[in-house]
Amino acid sequence: MESHDLHLNIVIYNILIDAFCKDKKLNTVRALFNILSSKGLHPDVKTYTMMIQGLCEEGLLDEAKEFVKIEQNGCLPNDVTYNIVIQGFLGQQKYHEASILLDEMFGRGFSADASTFSLIVDILSTKGQDPALQEVIKKLMPKHTVHTSYAILLDGLCKNGRISKALSLFHVMERNGLDLNVVMYSIIIDAFCKDKKLDTARALFNNLSSNGLHSNVKTYTMMIQRLCKECLLDEAKDLFVKMEQNGCLANDVTHSTIIQRFIGQQKCYEVLVLLDEMIGRGFMPDASTVSLVVDLISTKGQDFALKEMIKKFMAIG
């Protein structure tokens, strides 16, 4: 191309540099990069970022860090540039350097991306108590306490379907002596309930008391909902009774959950007792519960307990 006097611009050089970076041909990449100035061309942020990524992937962090100083050549690094080099330092456990770059990145109004957060979680699984790493976490989530920051990480993992990774992080926190609270337990229990991993959810739930924690209404309700969905109604009812004995009052969601399951099994007397208790506490059956009662009437309209239940509903109306 050059021999035929075709004008090579930065776009063409970027294509070549990107290709050789991906092919891990760093010597060729350096040669292409270094020839730019002799051609009267100036690297743009994309060129620098590709170079930095290629160097980081080869573990050449000191050289990559020098490329971050691209503003000396009139080109400002962007959020992608920073995240790539920060991930490189994190991957080599150089947390202090990563922390300095985070300060610089935040100072320019950029944020850490999902890949940086994901890498932090992976590292936490093995290096959770490293003070320099804790400093990185504080900078990533400066408005939150350490406990809240970990809860955010757990919640993010669970919501993205990475519950095994969330459980690994949870156990690391446990082993490293971080005081786990009921919010953290609730996040992980909810994830395993929704994933139909009842045995794991049950084990975590039972572990609460041994760690001196008390389940709240949200935690109890999660477990009761899962037990009902697994048709373990006796266990769900036992847990419902236990939560009251432990001084945790059921809310409208808890009541509706277990009432609906009893309705589904046409246990009208049990429904009547629970409905009476629910109304007595000032809660109202939700639309789903009312709909199930209507369905039940069509099949067991002459049942005495059902008639009593209907009276309760009519009284509410």
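Keep in mind that glycine also has a Cβ here, set from the backbone N, Cα and C atoms.
Keep in mind that TrEMBL annotations are predicted by a computer and have not been checked by a curator.
Source: prediction; values computed, not measured.
Residues belonging to the repeat 'PPR' (9-43) score a mean pLDDT of 89 in the model. Sequence annotations record features per position, and here TrEMBL assigns repeat 'PPR' to 9-43 (among others).
Taken from TrEMBL, the feature repeat 'PPR' covers 44-77 (among others).
Long-range contacts of the repeat 'PPR' (78-112) within its own chain (CB-CB distance under 8 A, at least 6 residues past either end) are made by residues 45, 48-49, 52-53, 55-57, 59, 61, 64-65, 68, 70, 119-120, 123, 127, 130, 132-133, 135-136, 139-140. Taken from TrEMBL, the feature repeat 'PPR' covers 78-112 (among others).
The repeat 'PPR' annotation in TrEMBL covers 146-180 (among others).
The annotation repeat 'PPR' is assigned in TrEMBL to 181-215 (among others). Long-range contacts of the repeat 'PPR' (181-215) within the same chain: residues 147, 150-151, 154-155, 158, 163, 166-167, 170, 173, 222-223, 225-227, 230, 243, 246, 248, each at least 6 residues beyond the stretch ends and with a Cβ under 8 Å from a Cβ of the stretch.
Taking H, G and I as helix, E and B as strand and the rest as coil, DSSP gives the repeat 'PPR' (216-250) the counts 26 helix, 0 strand, 9 coil. According to TrEMBL, the repeat 'PPR' annotation covers 216-250 (among others).
Residue counts of the repeat 'PPR' (44-77) by helix, strand and coil are 25 helix, 0 strand, 9 coil (DSSP-based).
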